[in-house]
Amino acid sequence: MGSALSSCCSPRRKNAYEPLLLETEREAVADLLQYLENRSTTNFFAGSPLAALTTLSFSENVDLQRSAALAFAEITEKEVREVGRDTLDPVLYLLSSHDPEVQRAASAALGNLAVNAENKLLVVSLGGLEPLIRQMLSPNVEVQCNAVGCITNLATHDENKTQIAKSGALVPLTRLAKSKDMRVQRNATGALLNMTHSDENRQQLVAAGAIPVLVSLLNSPDTDVQYYCTTALSNIAVDAANRKKLAQSEPKLVQSLVQLMDSQSLKVQCQAALALRNLASDSKYQLEIVKFGGLKPLLRLLHSSYLPLILSAAACVRNVSIHPANESPIIESGFLQPLIELLSFDENEEVQCHAISTLRNLAASSEKNKGAIVEAGAVEKIKSLVLTVPLAVQSEMTACVAVLALSDDLKPQLLEMGICEVLIPLTNSPSVEVQGNSAAALGNLSSKAAEDYAPFNAVWNKPDGGLHAYLVRFLSSADITFQHIAVWTIVQLLEAEDEQLTNNIRSSPILISSIRQLAKSPPPSRAGGAPRHDPNDPSAGSSEDEFEDGLTDQEGEGEIVSLARRILDLTEVGEEGDEFGERAGRNVPVGSHGQAPGQGQTSQVGSMGSEHAALRASVHRALSGGGRDR
């Protein structure tokens, strides 16, 4: 229609057609006034009302364009619906006007229409981004404000984000985020936030120079701007490369976020904690959060009655607790009781998982901290809950118990609490992780547990078939790691030299049959196997340290054979057809590096030789959650 008007107004035919054109415009004005008087019953997005608006939009008369733009803005303010190209074309034409009033009203109308999801896509597909970018560069603040607001709405649709990022809009958006006009600043930071939901767009945003602008605006007096910037930075911090850039260029970021956890706005507090949580994926930030006073506000948020605050704080503390240097500061700051209380927070299993994982992290490397966690009542709470919580929480709880059970000083106390009564049923859980963690915890408890092994005898046949049924299941498992932990656990129980335990094991035909079957398997060669830590090398770490290389399948099978034969020796039943003339407890060499007994090695199961220390570590790392999160 624009080209038709141009031809109608050409000099050659001006006198013939100008009166007709002006009459058409006058009729459109009259019609529009009538429609506006009856707006409650008029559909402006079709038929004659839309035709009248279209005529005025494509007029060369700026006053008529203003009328059309203002009408579109007013109509779309009251009613938003999915529209077609016949509605968007005149609005987009008005958007290209050189008149600031027309630009302002047209961008307001387009922003209103862009609330509808289908309209968002159509605006972009019809080329709406280019005139909006031009308007963002306008010196008129009102025009800037509406154009940025429209971009913000368009950017909420995932299919538009990439096109917006590639359109050249990010640089002017970043510049306008520093506007002195709070409305423009608010819209611009909101648009930048909407562009942080994919890795590709985040990288383009960082390239556009958004990071220093977003960080500087954390100190904005406007709550919405604080929220948008905090959330945008939280999303940006998901990427390791971006965290590195933040660490290099923004030394005051952590302090600003810690301060925002004390904001008057709950949503700002929440996002500040989440931003710190994402930053705390890196050890540098884990330490900085503690250094700059982050624990106090995090503890306060844990005590909140508002779920999003509890969840964000729990997630943040979990990551902060990963660093060994933070274990004691967290405990000394009073986190144990609130974390233990959150174990029963059945409104949200994610909160429960974060709480128990934090406790596991805090217990990872310090005997003192393990003792403090048990003394604070964590084990009693776990025992009361673990059979009824969701599987994900069970997995974390059993992993935590397995870590606590590594402490020789705590084993008698844990056994006295009756922890085996809940661990045994969980070895038959539908979750492989829960099975493994529970078995690892039982294995840890069985090693050097105490002189009194009565707690193990008490659960030999119950609950759920007891320790006996669990060992039978694991010995016959297709998973060699499960076989491994079962035979290792039996060795620990036998080496306790408890008469009743030994008789229980010896008098179980199915148990002995399974052991004999495992003992018959020929140990594999280590040829071609991966190198392992030298068990006699102190730098390789103790049995509670991380055993990074672990065992190959062949090595694991060799260890199982050695341990199974050791069990037969300790029970004095022997392999079928073999003669065992020596008594249990003799110094029997255990296969080292996957070799069979009797090949010159001197490690002894009875003294928990270094080879089995490495074995123990590998099993614990594989099954017990072996310490802290990563």
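Here the Cβ of each residue, glycine as well, is placed from N, Cα and C on the backbone.
Taken straight from Swiss-Prot:
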COMPBIAS  543-558  compositional bias 'Acidic residues'
COMPBIAS  598-607  compositional bias 'Polar residues'
LIPID     GLY2  N-myristoyl glycine
REGION    519-558  region 'Disordered'
REGION    572-630  region 'Disordered'
REPEAT    74-115  repeat 'ARM 1'
REPEAT    199-238  repeat 'ARM 4'
REPEAT    242-281  repeat 'ARM 5'
REPEAT    408-447  repeat 'ARM 8'
Per-region confidence, the repeat 'ARM 5' (242-281) (mean pLDDT, whole number): 97
Other parts of the chain folded back onto the repeat 'ARM 1' (74-115), taken as Cβ under 8 Å at six or more residues beyond its ends: 2, 39, 44-46, 50, 53-54, 57-58, 62, 65-66, 68, 122-123, 126-128, 131-132, 134-135, 138, 140, 142-143, 146-147, 149-150, 153-154
The repeat 'ARM 5' (242-281), counted residue by residue under DSSP: helix, strand, coil: 30 helix, 0 strand, 10 coil
Secondary structure content of the repeat 'ARM 4' (199-238), with strand meaning DSSP E or B: 33 helix, 0 strand, 7 coil
